[in-house]
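Chemist: Quick one: structure below, then a few questions.
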């Protein structure tokens with residue numbers, strides 16, 4: 001099965017590659033190249049990008065900032081990443097639009113659901129920045145929300161690891177990878193794939209989540225084509 005419309009949740013950390021912070025241009029171009037291939041094959045792609053490579057609201061809050069203020073700074077960071085990703089995609093030959101939940105007319109369209117869907121239908125990639133426009137919500141929740149709004153068939157969570165494990169595979173060599181999980185498993189066992197709000201949104205709207213390693217070239221195409229890759233979370237195991 002090849003998905004016809006998919007949403008990719010791309011963490012800010014993925015964009016920084018091996019750097020301690022910021023953006024690695026080579027990573028951006030690699031991701032753009034992989035996305036261009038699936039767009040050429042007819043799949044409609046939307047992307048929600050995080051901002052943790054620049055600023056993370058929870059860390060700012062822990063350091064003494066007002067939580068809402070810290071979250072707004074984090075939302076601005078996601079727009080910076082979205083514009084950078086747009087540049088990379090367009091240099092790879094992919095027409096791309098950035099839509100921001102926070103109004104920034106000079107650099108991004110406002111988020112308008114029907115316009116976003118129309119862009120997708122025309123073969124453009126839509127990158128959503130600004131989170132969902134409200135503090136206290138993660139970009140994972142934004143990904144689940146936007147996926148439901150644009151009728152995406154699947155959410156791909158593109159990360160630095162090749163799936164979901166019972167514990168941190170970087171710390172424990174005997175960590176076990178899950179090939180399939182149910183949403184109920186994730187919620188009941190508090191498995192840290194996404195926050196519970198994002199998981200519940202996908203569960204209620206019957207949108208499966210596939211977690212895979214973005215740094216393996218060709219993985220986006222494999223995921224889009226329905227190949228068994230990473231870990232799949234759905235309503236049935």
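Numbering starts at 1 and runs along the chain as displayed.
Yeah, the Cβs are placed from backbone N, Cα and C, and that goes for glycine too.
Pasting the feature list from Swiss-Prot:
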BINDING   9, 10, 11, 12, 52, 56, 159, 165, 168  ATP binding site
BINDING   51, 71, 132, 133, 134, 135, 136, 137, 138, 139  UMP binding site
Chemist: For residue 51 (UMP binding site) and residue 159 (ATP binding site), determine the Cα separation and express it in whole Å.
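Modeler: With the alpha carbons as reference points, the distance is 14 Å.
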Chemist: Looking at the binding-site residues 9, 11, 52, 159, 168, whose Cα is closest in space to that of residue 136 (UMP binding site)?
Modeler: 52
Chemist: What is the interatomic distance between the Cα atoms of residue 134 (UMP binding site) and residue 9 (ATP binding site), given in whole Å?
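Modeler: One finds 18 Å between the Cα atoms of these residues.
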Chemist: Give me the CA-CA distance between residue 11 (ATP binding site) and residue 138 (UMP binding site), in Å, as a whole number.
Modeler: 11
Chemist: Please report the distance from the Cα of residue 138 (UMP binding site) to the Cα of residue 52 (ATP binding site), rounded to the nearest angstrom.
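Modeler: About 11 Å separates the two Cα atoms.
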